[in-house]
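Noted in TrEMBL for the protein shown:
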type	residues	note
DOMAIN	182-559	domain 'UvrD-like helicase ATP-binding'
BINDING	G203, G204, P205, G206, T207, G208, K209, T210	ATP binding site
Amino acid sequence: MSQINEVAAREVELERVQVSFIGELFDERLAGAQEQLARVLASPPDGAGEAYEREVVAGRLAGEVRRLRGAEEGLVFGRIDLADGTVLRIGRLGLHRDSDELPLLVDWRAEAARPFYEATPVHPMGLRRRRHLRLTGRTVVGVSDELLDGSAPSGQDVVGDGPLMATLQERRTGRMGAAVATLQAEQDAIVRSPHRGVTVVQGGPGTGKTVVALHRAAYVLYAFPKAAERGVLVLGPNARFLDYICQVLPSLGENDVVLATCEELAGVVPGAADPFEVARLKGSAALADALAAVVRSRQAPGDDFEVRVGQEWIRLQDGEVAQARESAQTSGLAHNRARRLFKELLVDALIRELVRTGSEALERIDAQVAHLTGLDLDKAAAADLRRLGFDDAPATGTDEFDADAVRADLLDDASLDQAVEDLWPRLTPGDVVDTLLTDTDAPAVYLRQFTDDQRALLRRTPGAPWTDADVPLLDEAASLVDGPPERVFGHVVVDEAQELTVMQWRMVVRRCPGRSMTLVGDFAQAGPATVARDWNEALGPHLGRRFDLRTLTVSYRTTQEILATTEDLLARIAPGRPPIRSIRRGELPRTLAAAPESLVTALVRELREQGAAYPGELVGVVCADGRAEQLAAAGIEQHARLVPASQARGLEFDAVVVLDPDGITAARPGGERDLYVALTRATKRLCTITVPPSSIAGSAGKAG
Ligand SMILES: Nc1ncnc2c1ncn2[C@@H]1O[C@H](COP(=O)(O)OP(=O)(O)OP(=O)(O)O)[C@@H](O)[C@H]1O
């Protein structure tokens with residue numbers, strides 16, 4: 001054994017001992033939490049109060065068990081040696097024995113762990129050495145050291161290949177893994193930023209925006225207790241993407257983050273997808289104004305209010321309805337809640353009217369009687385009552401009127417409620433959106449800024465299923481009629497944030513009253529419904545310009561060779577954007593050509609060849625959306641993951657075959673951006689199968 005190997009073997013052995021010691025403490029904690037949980041669940045509650053308490057305690061303990069289990073894999077991954085000789089081991093969570101001064105394991109998010117990520121030889125942050133541990137299960141199988149204080153390696157240092165490269169070489173599994181052991185300094189600085197407002201992270205494909213976003217979510221839960229109390233939401237573009245990232249946070253010991261798409265957030269399951277031009281129109285700010293105007297138009301458009309009270313019809317005076325409407329509309333309450341106030345104000349006005357008309361009638365009768373008989377009825381009645389022993393007899397009949405009881409009766413009265421309904425109907429979000437999109441005249445009234453053609457595009461067939469682009473409209477309408485959403489979050493992370501329309505941003509902002517957000521995206525990858533060209537345009541209307549903009553510059557996914565082939569494309573879709581660099585090197589991308597009728601055959605042949613040459617690798621086929629069904633029917637999914645171009649954002653494969661790039665480009669406006677996304681999904685190999693315009697049947701073959 002060489003001297004280097006001997007040093008490595010000895011250090012691995014030493015780490016094994018320490019890590020197994022940490023493992024024992026971890027097991028104790030896990031077993032303790034499990035036992036407590038079992039005990040709580042086994043004890044029968046005494047009464048409803050105790051049952052509730054038991055549920056809360058059991059929920060907390062079950063959460064702790066989940067947290068520990070989630071962090072078990074790769075529990076310890078690093079160690080830092082400070083210049084003063086202090087040694088700290090870094091892991092997915094913190095473990096501390098009461099009897100010890102130093103923690104046995106430092107949570108990666110703790111301030112003490114920061115130098116593990118950010119120390120460099122120029123800024124060693126008090127470190128002598130940073131060590132990465134490689135584990136199989138719980139067994140340390142390798143260590144790799146970086147010396148940061150300029151000292152020469154001693155007999156305890158194992159200086160070797162960086163752990164980042166080792167991680168990146170691993171096969172893709174179809175699920176993103178945590179990068180907690182290898183977060184790079186520029187990423188870590190964002191993850192750990194003390195900025196509690198809006199942080200925007202931009203960067204080209206594969207620069208780790210999603211990695212940063214998810215680790216940031218875990219950091220916020222750890223470091224910002226106030227935000228953590230309300231919880232963290234991670235919003236992704238579609239279910240496929242959420243499935244891809246769903247393991248990351250649990251593996252960081254965080255199970256309580258809500259991962260959702262806009263549809264899930266709104267609680268609407270769309271039955272159809274809108275074409276992009278419709279989606280773009282439905283995403284615009286004009287729709288918010290129009291929906292608000294629709295709701296307003298249903299709030300007491302008339303001024304007449306007449307109801308039967310007892311035997312009489314009572315009509316409110318001119319101006320009473322308008323006054324009640326004005327008060328309800330300026331109350332700040334949502335439509336259905338403001339309706340209650342409106343009704344109460346009308347009832348108050350009715351009571352005033354009853355009192356007024358009642359006393360007027362009595363006065364009229366008194367005057368008539370006095371005129372005919374010369375008798376003062378009030379005085380006579382009071383004298384009669386006093387004679388009967390009622391010393392405090394009332395002076396007039398109207399003082400007997402019990403306004404509170406009448407008010408309560410009127411508020412409960414069904415026919416009165418129906419009369420209010422005619423003026424200020426209860427509304428559902430669907431009613432509001434339907435009024436705007438299905439009524440023949442509504443668009444001309446509420447969407448004046450749109451052309452006739454645009455209004456025709458927006459038209460919805462009554463009873464048709466809701467579409468994906470209707471979802472934010474329904475959510476907006478829900479906030480107008482029922483008020484702000486019940487569930488709000490302390491921090492919101494939005495991935496592929498360039499995709500959000502104005503109406504979607506409004507959904508997000510509604511759910512984050514504290515405006516504490518991490519937004520990650522890349523406008524060069526924007527889809528066709530995106531109108532904004534930069535962050536100021538996208539966020540300005542909702543969050544102003546008060547955001548902390550960070551840029552990631554190194555791709556950890558796409559090889560330098562693949563990035564080089566996309567440079568011209570990038571220059572067209574994002575002029576002036578400097579190309580990013582990659583830390584990966586790989587094969588030159590290949591291009592095949594196939595005639596339209598032999599495209600599927602060429603694809604299957606390519607996938608078979610790749611499968612044979614690189615067994616076990618994850619291959620993605622990205623095609624124009626319109627082609628996906630045909631390819632699925634041809635059995636492509638037996639060989640590869642089939643991804644319509646519109647759903648490829650954020651995904652990653654070992655190898656990618658991009659089918660008919662011109663078809664992808666032509667499928668939707670901004671199709672070149674879809675193509676850029678498609679071409680940048682592979683970590684190792686890219687193959688493009690083109691359909692040359694002049695291709696004739698049977699001309700498939702290798703071309704470059
Ligand atoms: N520090 C890191 N350590 C290990 N792997 C990393 C690191 N940073 C990024 N990666 C890996 O690089 C790949 C790309 O990262 P990620 O998906 O976060 O990039 P992205 O910027 O969101 O890409 P896109 O713009 O395409 O959505 C992933 O496999 C991720 O795990």
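Using N, Cα and C of the backbone, Cβ positions are placed for all residues, glycine too.
Ranking the binding-site residues T207, T210 by the number of CB atoms within 10 A of their own CB puts T207 at the top. Over the domain 'UvrD-like helicase ATP-binding' (182-559), the average per-residue pLDDT in this prediction is 88. For the recorded ATP site, residues G203, G204, P205, G206, T207, G208, K209, T210 set the reference point as the centre of their Cβ atoms, and the other residues of that chain within 8 Å of it by Cβ are D522, L552, S555, Y556, R557, I580. Over all protein chains present, the Cβ of G206 (ATP binding site) has 26 other Cβ atoms lying within 10 Å. Taking a Cβ distance under 6 Å to any atom of ligand 1 as the criterion, the binding-site residues G204, P205, G206, T207 reduce to P205, G206, T207. DSSP assigns G203 (ATP binding site) to a strand in the three-state reduction.
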